[in-house]
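As recorded in TrEMBL:
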type: DOMAIN; residues: B:40-146; note: domain 'Polymerase nucleotidyl transferase'
type: BINDING; residues: B:SER57, B:LYS60, B:HIS146, B:LYS165, B:TYR174; note: CTP binding site
type: BINDING; residues: B:SER57, B:LYS60, B:HIS146, B:LYS165, B:TYR174; note: ATP binding site
type: BINDING; residues: B:ASP69, B:ASP71, B:ASP123; note: Mg(2+) binding site
type: DOMAIN; residues: B:159-282; note: domain 'tRNA nucleotidyltransferase substrate binding'
type: DOMAIN; residues: B:298-432; note: domain 'CCA-adding enzyme C-terminal'
2 protein chains.
Amino acid sequence: MSLDDAIETVLQKVLQRIRPTEEERAFVEGLMRELEGIARDTIESLDLDVKPYFVGSLAKDTYLAGDHDVDLFLAFPLDTPLEELRERGLELGRAIAERLDSHEVAYAEHPYVRATYRGVKVDLVPCYDVKSWRDVRTAVDRSILHTKWVLDNLRGKNDEVRLLKRFLKGINAYGSEIYVRGFSGYLAEILVIRYGSFLKVLESADFMLRQKVIDPGNWLKREHEVAMKTVGREAEADRPLIVIDPVDPRRNVAANLSWEKYGIFYFKSTQLLENPSEEFFFPMNRKIGNYLSELRRKGTHLVALLFEAPELVDDVLLPQLERSARGFERALSREGFNVLGWNVGRKSGKAFIMLEVDRRERERVTIKPGPEFFTERGRDFYLKNERVWLVGKRLFAEKNVMDDIVEVISELLEKNQVATGKSIRENIRNAEITLDYVPKELEDEAYLFLSREKWNLKG
Amino acid sequence: MSLDDAIETVLQKVLQRIRPTEEERAFVEGLMRELEGIARDTIESLDLDVKPYFVGSLAKDTYLAGDHDVDLFLAFPLDTPLEELRERGLELGRAIAERLDSHEVAYAEHPYVRATYRGVKVDLVPCYDVKSWRDVRTAVDRSILHTKWVLDNLRGKNDEVRLLKRFLKGINAYGSEIYVRGFSGYLAEILVIRYGSFLKVLESADFMLRQKVIDPGNWLKREHEVAMKTVGREAEADRPLIVIDPVDPRRNVAANLSWEKYGIFYFKSTQLLENPSEEFFFPMNRKIGNYLSELRRKGTHLVALLFEAPELVDDVLLPQLERSARGFERALSREGFNVLGWNVGRKSGKAFIMLEVDRRERERVTIKPGPEFFTERGRDFYLKNERVWLVGKRLFAEKNVMDDIVEVISELLEKNQVATGKSIRENIRNAEITLDYVPKELEDEAYLFLSREKWNLKG
């Protein structure tokens, strides 16, 4: 079997798993019609001038089998004041949700209603009824334009998008959330439209990085100045890709895509093209080993901080954990410990920060550099220290310090000398600190981290 | 007893030990007259136009009791060609030495004869008979001018010079040799002449550092341009003091004085003035402890390299050892070991380099940074390494390394990755390397180093 045939076989198998069945499709379409009816009824009964739009992968028919959450946008006229939109929008969302199974209010830039109906999650999001990028006022307003653009341009490539999304999920590069920094669904759709197919997107992994700017809306001609400003700004920020949003020349669709996730996409694309396998789309669980053996093999040590995770969504919590881990890295390096890597996350209600360090004890005495000897401060330093010597004109003395890394960390936290995330500072202060030990439920995580299998591009 | 009285008492006691007795004085003077006679006879018998001069502390009567080596300079007319001066000078020196007890030829800028006579060392040094700095041709020519200047200006302060010299010896800051970098005898004489007495020199330790330039010859008026050039050059070199040689405006008498030795002088001066004691002049041996206990106390480790000392004078060997120690410091730091301090020297025919390090083993795995992923080299790096991950656009991988510091050092030497002194490179390559152990004869040295008592300004 040729390589092309082998790839085709794999893609067909994958498609069988991710393409919605006729049954699911019928269910989803019935659901949408029903929801639209309810929405229109409610709008009318409240005497509002609002249009309901379906957006997202359901509306574009690019959703994966079994993954059919509904995004129903409630578009107010452009002349509605923002305050009124927020108020009436929430009111309307609630009134619609009353007729569904259950609901709660969620918060993004504006509050919106998150409901469930017949086992499906339904988001009811108020927005403006924009016709052009010049009208855009809130972050969600573009969704209607995105949906329209994709529907106008996809030309039956829906399954190609499904393949790309599933591939990105499989290699852990799907989602533009701040703690993923991967490819959004919309970006996947644009790439398929731009390069023509799933495989062509993969084959272009190197080319598009070099080309850097992708402009499917032809904005560089139509709105040269605005588009060039976007390109300049995003190039300055050193993004891997600059994909000018076909519905808004001010926006880089790939603004949240990190180099790490692009790199994974880059290597995995080649791998799939050379060694096709369903595993790229549906990876098996990584082989797990013993984290203690891993520590012995490497001759390093693991410090883990465990604490109650505060009531924060991952979008907020994870960046705070990352910032804190970097804070520990810097603070410990000042104290003579080398942090080889770190890993953060949340598991069974607890948040954790793991630090891989070069040793568990440092020397008990460090050399303290002092001022120049012939100064006021030099004389003080001379008087205050027991053994003092010179290197050039500078005084030096010994300083006794704690040698155990857990004690050092405790003291750093006590003295507030670790730059931690603001909203988890108190939790970290009260964290349980363990050395070369993690509780049962974190053992796999510790192994994946220490072995670097968690991020292994070859895994 | 007042502080002044206490100081006076100490100085009197010290003077009793360092001022030559009438007996010694008579012996020395007899010796000098006798040597002068022999020299004049020999010059005449060889039919040379040479004048014998006594220079140095004997000629200036600033020598310490028991320390009366003779410097007899043989001054040739200025019109003698250099080659002839070297040849005839050595010839004359030998001819004089034939009539003394024993002799050998030694080498400085020029060869000279080192003889002994009646138990006293006698250096017979050829030079030019210069009358002014403009005549100076070889490094030793100034000595005659120095001797004359001190004799003309000392005005009976001979004992003050003796006190200062003995004090500098006691605090280990005497001698301008490259491996001491302290105060020369001539500098001590100038300071006493400039400040008036031993105690006044000590009291001026802070003042003279701030004043920076000392110009007893008044060159800044008499030869402004030449003297300013000297000041500019030496200020650029950041010397602690700029003492324009009263017999040569081109020269800083304190050019070889290091900040370390000035610092010792600075602190010890204050200490003596506040707590007078003979100990400053005649220190007892430092209290010696056990170097292994010191290592345990500090939680550090000692690496010692021991090797055959090559046939080099200390002036050459010690700077080479220091350069090598700094080379090890840099190389080990690149390898993840922190060098807290180093110490070099020569003992019973062996040279040694001691390094105090933070640990004896490092982690067995280090993180190896690679190139950017989308490059040719990035692809190579990806293929060559087992586990590869990204931080930003940069690839990283693990690398297995040796963890034992002795093995690391051996490998560094093998791969020629330590910047060592040139003339001891081979010796160092064949050095014996020990960890937390030194042979019996180096135990005290190891203790003084590890405890920093060796350099302790408060010791």
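Keep in mind that glycine also has a Cβ here, set from the backbone N, Cα and C atoms.
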Q: Show, in sequence order, which residues other than B:ASP69, B:ASP71, B:ASP123 on the same chain lie with their Cβ within 8 Å of the centre of the Cβ atoms of the Mg(2+) site.
A: B:GLY56, B:LEU58, B:VAL70, B:LEU72, B:LYS121, B:VAL122, B:VAL125
Q) What is the separation, in Å, between the Cα atoms of B:SER57 (CTP binding site) and B:ASP123 (Mg(2+) binding site)? A) 13
**Q.** Cα-Cα distance linking B:ASP69 (Mg(2+) binding site) and B:LYS165 (CTP binding site), given in Å to the nearest integer
**A.** 15
Q: Give me the Cα-Cα distance between B:ASP71 (Mg(2+) binding site) and B:LYS60 (CTP binding site), rounded to a whole Å.
A: 11
Q) Using DSSP, what's the helix, strand and coil tally for the domain 'tRNA nucleotidyltransferase substrate binding' (B:159-282)? A) 72 helix, 8 strand, 44 coil
**Q.** Pairwise Cα distance maximum in Å, ATP-binding residues per record: B:SER57, B:LYS60, B:HIS146, B:LYS165, B:TYR174
**A.** 18
Q. Tell me which residues of the chain lie with their Cβ under 8 angstroms from that of B:ASP69 (Mg(2+) binding site), as long as they are six or more apart in sequence?
A. B:GLY56, B:LEU58, B:VAL120, B:LYS121, B:VAL122, B:ASP123
Q: Please report the number of other Cβ atoms within 10 Å of the Cβ of B:SER57 (CTP binding site).
A: 23
Q: Based on DSSP, name the secondary structure state of B:SER57 (CTP binding site): helix, strand or coil.
A: helix
Q. In sequence order, which residues at least six apart in the same chain have a CB under 8 Å from the CB of B:HIS146 (CTP binding site)?
A. B:VAL55, B:TYR186, B:VAL247
Q: Please work out the number of neighbouring Cβ atoms within 10 Å of the Cβ of B:ASP123 (Mg(2+) binding site), leaving out its own Cβ.
A: 19
Q) So what's the average pLDDT for the domain 'CCA-adding enzyme C-terminal' (B:298-432)? A) 92
**Q.** Where B:ASP69 (Mg(2+) binding site) falls in three-state DSSP terms
**A.** coil
Q) Which chain-mates of B:TYR174 (CTP binding site) that are at least 6 residues away have a CB under 8 A from its CB, listed by sequence? A) B:LYS165, B:LEU168, B:VAL180, B:GLY182, B:PHE183, B:GLY185, B:ALA188
Q: Would you mind splitting the domain 'Polymerase nucleotidyl transferase' (B:40-146) into helix, strand and coil residue counts from DSSP?
A: 35 helix, 34 strand, 38 coil
Q.
I'd like the Cβ neighbour count for B:ASP71 (Mg(2+) binding site), meaning other Cβ atoms within 10 Å of its Cβ, all protein chains included.
A. 19
Q) Any idea which of the binding-site residues B:LYS60, B:LYS165 has the thinnest Cβ neighbourhood at 10 Å? A) B:LYS60
